[in-house]
Amino acid sequence: MEATTAPRIPSTRLALHHFDTSYGLHLGALWPSVRAGLLCEQKYGALLNSFAAADHVPRELELLNATDFVSEASQKAQQWQRGAAAGEAATGCQEGSGESRTGLQAEMVTQAETSPPLCTSSKIKCYAFPRGDITRFRPARPDALGLLDYYLMDAASLLPVLALSVQPDDFVLDLCAAPGGKTLALLQTGFCGHLAANDVSVSRTKRLYHILHSYVPKEVRDTVSVTSYDGRDWDQVKGGTFHKVLVDVPCTTDRHSAMEEENNIFHKRRTKERQMLPMLQLQLLMAGILAARPGGAVVYSTCSLSPLQNECVVERALDVAGAQFNISVHVEDLSHFRTLFQDTFSFFSDCRLGELVLPHLTANFGPMYFCKLRRM
């Protein structure tokens, strides 16, 4: 008797086969190391909850040798600004000032000229263990009022939020907000005048509510409106109103796909859905661009290594915005993030647009792609 059906190949194996084929080409010699990272335990960061009474937590984490990589990057950025100012002062009074800059000075000046200071509110604090240190954080604990002291997340997920650079009283839209880590990080800036957190999935929105209730006091929750629209239609709800928009789209979630059978997009039944992802991503990014006011910023992000879901989607969106909507969109350079965060994350140096954090055994965060756009 012949078997009527071939044995089902695990989705994780299908995913890895797909990754080996496409990422082997895209990442070349880097792929074996990235692949090893994807298949090993992920590293987390602890996003401190500024709303909780948890003043003892930084000291506790520092004793374990964890550091707040956000404030370290902020200090680095301030040093560049000062270095650039000093460099300008020193060279301003000399002819041929270009030659008189030392290599390092020149680099600092270039960095400072091309990079806005890292506009992070000092309220965002995220602790991570150093490269090669695989200590795990303890689970979060409640304070006297029941608010948890920190949120454990892939620390690379914070980079799109930092790139958005929320300013005081900004109207902010998180278009695909569930499960809620980035929404919580946006609230930790302390700057959101109003935050619209949307996710098409009602069940995932429940997780978002749960996170808001576990971390955020009622008076702050009241500044957040949680909705379950299809993000693609958002411009029909509220077009052109937001200063900052985060578009963290559904993607192949590469780490999950390589490791977990449950809810795996590489399952044979989900082939069509997977093939349609770049189209869905483009529609969501377009909705995000249309939701931003002129002069507003949009950050597009995925947790995939795929250029088809990353740079290609951004390039298509720039074309569509110009051709169909007569909207000019400018890509902002985020290469200074690579320098600011090189001690914590491993970056891919060959992205055509945006930045990509690569999983690496000594710094096993990501993948996380992010690209910042400005609606002109």
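Yeah, the Cβs are placed from backbone N, Cα and C, and that goes for glycine too.
Any TrEMBL annotation is an automated prediction that lacks curation.
Given the structure is predicted, the values throughout are model-derived calculations rather than measurements.
Per TrEMBL, the features are:
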- 69-376: domain 'SAM-dependent MTase RsmB/NOP-type' (DOMAIN)
- Cys176, Ala177, Ala178, Pro179, Gly180, Gly181, Lys182, Asp199, Asp230, Asp248: S-adenosyl-L-methionine binding site (BINDING)
- Cys303: active site, nucleophile (ACT_SITE)
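When the Cα positions of Cys176, Ala177, Ala178, Pro179, Gly180, Gly181, Lys182, Asp199, Asp230, Asp248 are compared pair by pair, the longest gap among these S-adenosyl-L-methionine-binding residues is 20 Å. Here the CA atom of Cys303 (active site, nucleophile) lies 20 Å from the CA atom of Asp230 (S-adenosyl-L-methionine binding site). Gly180 (S-adenosyl-L-methionine binding site) sits 15 Å from Cys303 (active site, nucleophile), taking the CA atoms of both as reference points. A mean pLDDT of 90 is what the model gives for the domain 'SAM-dependent MTase RsmB/NOP-type' (69-376). Across the structure, Ala178 (S-adenosyl-L-methionine binding site) and Cys303 (active site, nucleophile) are spaced 14 Å apart at their Cα atoms. Residue with the densest Cβ environment among the binding-site residues Ala178, Asp230: Ala178, by other Cβ atoms within 10 Å. A straight line from the CA of the residue listed as 'active site, nucleophile' to the CA of Cys176 (S-adenosyl-L-methionine binding site) spans 13 Å.
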